[in-house]
Amino acid sequence: MSKRRIEVGETYGSKAKKDPEASSSSAAAAAGTVAQILGGFVPNKQPPTMNPLTNTPYSQRYQNLYKKRIALPVFEYQADFMRLLSLHQCIVLVGETGSGKTTQIPQWCVDFAVSKGRKGVSCTQPRRVAAMSVAQRVSEEMDVKLGEEVGYSIRFEDCSTAKTLLKYMTDGMLLREAMSDPMLDQYQVILLDEAHERTLATDILMGVLKEVIRQRSDLKLVVMSATLDAGKFQQYFDNAPLMKVPGRTHPVEIFYTPEPERDYLEAAIRTVIQIHMCEEIEGDILMFLTGQEEIEEACKRIKREIDNLGSEIGELKCIPLYSTLPPNLQQRIFEPAPPPNANGAIGRKVVVSTNIAETSLTIDGVVFVIDPGFAKQKVYNPRIRVESLLVSPISKASAQQRSGRAGRTRPGKCFRLYTEKAFKNEMQDNTYPEILRSNLGTVVLQLKKLGIDDLVHFDFMDPPAPETLMRALELLNYLAALDDDGNLTDLGAVMSEFPLDPQLAKMLIASCQHNCSNEILSITAMLSVPQCFVRPNEAKKAADEAKMRFAHIDGDHLTLLNVYHAFKQSSEDPNWCYENFINFRSLKSADNVRQQLARIMDRFNLRRTSTEFTSKDYYVNIRKALVQGFFMQVAHLERTGYYLTIKDNQNVQLHPSTCLDHKPDWVIYNEFVLTTKNYIRTVTDVKPEWLCCLAPQYYDLNNFPQCEAKRQLELLQQRLETKQYQKGF
C-alpha cells in the first residue's frame, strides 16, 4: 500500500478562534456578555448540586459525566454560542465530529429556552440510530429519565411526553410535526444537525424553516454541519453568522491500495485480520460497509477467521452497527475492548458500520479505519419512474470524514481500499444532495399539506429537476391525492397523515372499501420493515424450504401476510422465528408499525374489517386493495418470456426471491431492483380487469403506448363493455 500522512482537521485549528463573530477575547469578557443578556448566566466548570428540572440532587453518575463534558472541545465555546444565540435568529455552526456539538449545544439551548419560558428544543438527525443513541446519552448527562425531559421521535416510535424539553428526532419527523403545527409553536429553538448530509427531509425543512423564522421572530434556528463547506448554508440563511468549533485531532496516516480491489468485502475482512494480528499498538477498528446484509456477513466471517487462528491471537469482538438495530444492541459500540490475553496479545473490538459512523456517532478508542470507498445511495430516474438503492462510490468529503474517525484520541491509521488516483480524480468533492436523486411523491404531498402550493418557486437550496416534480404531481393526481388543478384533495390530506409512501397510504385507505383493511394493515407493516426472511450462506437450502412453507400461490404480498399471521399464532416466539429462518426483530418491528398505523386509521374513522376467511373473496379482496395503491407498478408477461412494465416499457424479470412458482400474465410489484439485470421484487398476480375497473384514469387506452399489453387490454375492454361480463365482475 502507498501511504501519505495528513493532518485531519488542521483547517479548523488554525481558524477556529480567529472568527470575529464566534470567538471571544477572553473567557471572562464572554461570560460577562452572556451574563448581561441572559440575566446572570456564566459558564461554570464546577458541577451544580441540584437538578432544576427534577428538583432533586444530581447523581454521582451526573458528576462523573460532567467532568467528561467540560473536557469536550465545544465546552469552552459555551459563552460565545449563548451570546450568538441571543443576538441572532439563525446561526450556522461548523463543528467536527467528536467536538461534542450534538450532545452539548442542544443542552445549552434548553437553558436558553427555559430562561424564555417553557417552550421546547428540537434537534434533528438524518438517522434514527443517532436520534435514539444521542437522546439516551443526553438524558444521562442531564440526569433525567429518557422519555420525560429528554426524548426522541422516529418513524413509528415516539419516546417523549408533553413535558419533554429536548427532543431528538429524525428530520422527517419534524417535517411531519410541521404538517399539523405549521409555525412549530411548541419549539423555542430548532437545531438541524448533520446538515452537510443534505438529506431529502433536511433540505425541505430548511426551506420550510426559512419561511417560519420570518414569521416567528422568537424562534431560533441553529444549522450544524461537520464539514467546512458552510458558506452555502450561510448564504441560504441570509448571511447568518458562522461559528467554528474545532475537534480534537491527531495525525492520521492514510494508506491506499496500489491497484483497485476486485472484491472490497473480501479485502476489508482481510485488512481487519492483518491489523489485529500485525499492529503492535492498542486500538479499536472501525470498518465501513454498505448495508445490513454485508455487515452481518462480514461479522460472521471475521469471527470464523479469528476462531480458526487459535488462542495465541488476542480476542477480537465484532460489533455490527446499522439503522434497524434495536437500541440495546446499538449501545454495544460503546463497550470497552476485550483485555489482552495471557500471553499479552492485544484484545480489540471492531465496529462494522454503515456510513452512520462517519459523522452521526462518535466511537472513542478507534485508531484504525478501513474505508472500502462505497455506500448505498438512492438514485431516481424520473423517465421510467424507478428509484433504487445502489452501492456507489463515496465523495471526497465522506472519505475525509471517515479517515478523521481514526484520529480522535491518538494518532491513527486509515486504510483506503482504493487507489490514490481514484481518490483524486474519480471521486466527487461532495455527496450529491438527495433531493436531486429522489422520487419526490412523498415530499410534494407533505408540501401541499403544509399549504405550499407553488412548488416551482419554493425556496429549495438546490431545486430538483422540473421533470422530477412533474412526475411526483402526476403520481399524486393518479392516486387522487391531488385534483386536476394540483390542489390537495380530502383523500390526499388523509394520505399525508400516514408516515408511508403515497401508494401504501392509498392502498391502506382503499382497503376499507374491499373489506380487508386488517390484512392490508399487516401487509403494509411488513413492507415497512427490513426483509423478514433470513438466508444464511451455510443453510441456504433449509432457509428456502422454510420460506416455501409460508408461500402463497398468488404471490409475495400474501406470503408476507402468512408470515405475520404465523408469527402472531406462535405467540411472537423468538425460537419459532429462529427455527423458521425468520428475522424476529423485523417481525416485532412490523407489529409495532401495525399498531401505529391502526391508531392513525382509528383517528380518521377508517374501519378495520376483514372478509370471512372461508369466503372465496378473502384473497381476491386483498389483491384488489393492492391494485388500488400499485396500479402504476404493473408488469405484463410478453411472448419473449420477459415482463414489460406498463407504460414505461422496461424489460424486467421476477426477482429470484419471489415465492411464485409460475409466471402470471399480470403482476403488481413493490419495487424495481437495479442490479446487473432489471428485477421486480415482491410481486403478486392480479387480473387485468381489476386494473381497468379500479384505475380507469391510468388505464385510459387512448394514452397508452403500443405494446402487447395494450392489445390485451383492448380485447378485455370490449368484453367489459358487454352487460354479461360486467355482471360477472
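Using N, Cα and C of the backbone, Cβ positions are placed for all residues, glycine too.
The region 'Disordered' feature in Swiss-Prot is assigned to 1-25.
Under the heading domain 'Helicase ATP-binding', Swiss-Prot lists 82-246.
Summarising the annotation, Swiss-Prot assigns ATP binding site to G95, E96, T97, G98, S99, G100, K101, T102. For T102 (ATP binding site), the count of additional Cβ atoms within 10 Å of its Cβ stands at 27 [all protein chains shown]. According to its DSSP assignment, T102 (ATP binding site) is helical.
According to Swiss-Prot, the motif 'DEAH box' annotation covers 193-196, on the basis of sequence analysis. Looking just at the motif 'DEAH box' (193-196), the mean pLDDT is 93.
For the binding-site residues T97, S99, the greatest number of Cβ atoms within 10 Å around a candidate Cβ is found at S99. Listed in chain order, the residues near the ATP site other than G95, E96, T97, G98, S99, G100, K101, T102 are L72, P73, V74, A226, V245, G247, T362, each with its Cβ within 8 Å of the site Cβ centroid. For the motif 'DEAH box' (193-196), the DSSP counts in helix, strand and coil order read 2 helix, 0 strand, 2 coil. The Cβ of G98 (ATP binding site) lies under 8 Å from the Cβ of P73, G247, R248, T362, R408, each on the same chain and at least six residues away in sequence. In sequence order, R69, L72, P73, V74, F75 make up the list of same-chain residues 6 or more apart from G100 (ATP binding site) whose Cβ falls under 8 Å from its Cβ. Reduced to three states, the DSSP call for T97 (ATP binding site) is coil.
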